[in-house]
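Only one structure is covered here, and it is reproduced in the block below.
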Amino acid sequence: MHQCNCDEIYIVDQADLIEFCAIQLKEPADVINSVNLLYNVKKKNIYVVDVINTDSNLCRDYYFDGEKGFWLFYNRIESNTKTEFISIYKKTNTLASKCLSCCDIQKDSLVLARAFMNQIVKQCTSFLDEECFPTVVYDNHSNNFAKIKFSSILEPIGFYQIVPNLSWLKYVINCGVKVIQLRIKDESMDKVIQEVEEGVYIANKYGIKLFINDYWELAIKYKAYGVHLGQEDLQNANFQEIFNAGLRLGISTHCYYELAIARYLSPSYIAFGPIFPTMLKNMNFMSQGVSLLASWVKHLHYRIVAIGGINLSNLDSIIKTGVDGIAVVSAVINSKYPDKAIREFLDKCS
């Protein structure tokens, strides 16, 4: 169990911040500047409860860790005191987090505390309900809460193969895979451009739903079906351009904090994992497990794609959750008979 010391964060409310800075907090910039000053004095991460509450429908909390700040938007609740929030935060802070870094654990705990508090006040069935769960919005988006809503994928996603290059893309298309992600790593930009251009051409020719990992500008240029972005790529992507181009958007998530970030963008699907332990790449998160996946599938209105450590031996447990898509990499790529593995995945996921 990984815990973050409650003493490492300083939780205040609007009245505390006004008293400290001696100014009225009328605009987001007022809050940001005041919290920066408070951070320099306290030398602790700062969380402000209900700091801007002029909107009749929305409340905003604010968090700053000395480097970056973000807002938590949520539907207005009547009882919203600092004392109640601190009490709930201390409880969420003792829960087992799937995050491995202390910083991520703290953010996860804060998002959970806000969701739990909203659930209690609104008497929702689950803290994951739309009415309860907050949305994380970073400073550079704080004045634009008119959220983009990306186009849905009309058909079930089903089996979703992730491939490392053009050769594998052609191979899995020939095997009958209809939803594919092209995830090219450690190649020259010239090579990436060539493979994305040809890959999109082939996919469009055969009616394949091809998502381009990371290279959203190339996905737009060559008219791919969609783009998939990891959390580390979100800060640099131009979502308005992706939306205007008519592309679908998939986003990786590994915890509640990242789910709250994804909510702001209303993606076409959310990838959640790793469900099982995986050696494919270094992860900052423990495996999520099937029961947590089932909870996300049950309570979230987004399409969920399960990913991470999924193979033919554990596939049935994933299918039983009712998840919309099942993504695999090594279960096919590293298989002795990849065509046979693909046929089995397609049969079971259909």
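The backbone N, Cα and C atoms fix where each Cβ goes, glycine too.
Classification of Asn213 (4-amino-2-methyl-5-(diphosphooxymethyl)pyrimidine binding site) by DSSP places it within a strand. Long-range Cβ contacts of Asn213 (4-amino-2-methyl-5-(diphosphooxymethyl)pyrimidine binding site) within its own chain (separation 6+, distance under 8 Å): Ile162, Gln181, Leu182, Arg183, Ile184, Val227, His228, Leu229, Gly230. According to TrEMBL, the 4-amino-2-methyl-5-(diphosphooxymethyl)pyrimidine binding site annotation covers Gln181, Leu182, Arg183, Ile184, Lys185, Asn213, Ser252, Lys281.
Residues or ranges marked as Mg(2+) binding site in TrEMBL: Asp214, Asp233. In sequence order, Arg183, His228, Leu229, Gly230, Asp233 constitute the residues six or more apart from Asp214 (Mg(2+) binding site) in its chain with CB-CB distances below 8 Å.
Annotated domain 'Thiamine phosphate synthase/TenI' per TrEMBL: 166-332, in sequence order.
Taken together, the residues in the domain 'Thiamine phosphate synthase/TenI' (166-332) have a mean pLDDT of 95 on the 0 to 100 scale. Classification of Asp233 (Mg(2+) binding site) by DSSP places it within a helix.
In the structure as shown, the Cβ atom of Asp233 (Mg(2+) binding site) sits within 10 Å of 16 other Cβ atoms. The most densely surrounded of the binding-site residues Leu182, Ile184, judged by C-beta neighbours within 10 angstroms, is Leu182. Applying an 8 A CB threshold to same-chain residues 6+ apart, the list for Lys185 (4-amino-2-methyl-5-(diphosphooxymethyl)pyrimidine binding site) reads Pro164.
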